[in-house]
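Annotation source TrEMBL lists domain 'NAD-dependent epimerase/dehydratase' at 17-218. For 256-303, the entry in TrEMBL reads domain 'DUF1731'.
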Amino acid sequence: MMAQEHSPDVLSFSPGGGTGFVGRALTQLLRSRGHQVTHVSRRGGTDRISWEELSHSGLPLCEAVVNLAGENVLNPFRRWNDDFCREVVSSRVETTKALAKAIVAAEQPPRAWVLVTGVGFYRPSPTAEYTEDSAGGDFDFFSRLVSSWEAAALIPESPTRGVVVRSGVVLGRDGGAISQMLLPFRLGLGGPMGSGLQPFPWIHIQDLAGIVCHALETESVRGVLNGVAPSSPGTSNGTFAQELAAALGRPALLPVPAWAVRALFGAERAAMLLEGQRVLPKRTLESGYRFIFPELPAALKDIVA
């Protein structure tokens, strides 16, 4: 728990899901910038509170709240069925509702409330380009999930500034998509999925953490920001496979056929890998955020080095 005395020049954050892949990177960045961080997680402890404590005792005194919570949709060890679907929805929508409710009930509301969702909000297309103002959110399970997730975060007439970051595929060293790809690619067994022509919206984990931090620290930022690299609209799944193989000094000659992806993940999840969106970080750039890794080769070199 945070100390009772609260220095006005030091922000503190309660990130739901803060112990996961993105949460660890964000926590490290925030602490390096002098912020105090309290995690909301399944169990309480040092610098953390449990979801049960949040429900009973309310939000600790803090300047901002971030929600990164969510069951891993692409967990290959979980079969796609009704139970798993309910877990996927609950881990996102219910945690967001709990945090929004705590913000509303807080005697001293936080100044900022940031939710990280996904670019699955936008309809897959080989040609359409989407900015933060583009429509979406009502064409399949995942788009409707993002809509429900973001709706759960809305707090009408609240003094707390709200920001939603719609993230692409997060690339990083200690988890995320690349952790499952590295072994086959290192063995020279990697390649594109399906046709390889589908767009591949990506972002380096340092930039996703950076955008969230930027949103927390910049009073003028509110609304939706796309969490994708500036060059990602020009990246296809095939290009990504070639660049990852090049970063590892290996070939990328073995495409994974679409039927195999569907057999492993099920049709709904396979669509996330076999289709894609060209997403532009228009408002993100306009808000003043400067990307650390705008180009894929440098991002991959940093990750696999």
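Here the Cβ of each residue, glycine as well, is placed from N, Cα and C on the backbone.
Per-residue pLDDT, averaged over the domain 'DUF1731' (256-303), rounds to 94. As a summary of secondary structure, the domain 'DUF1731' (256-303) carries 29 helix, 3 strand, 16 coil according to DSSP.
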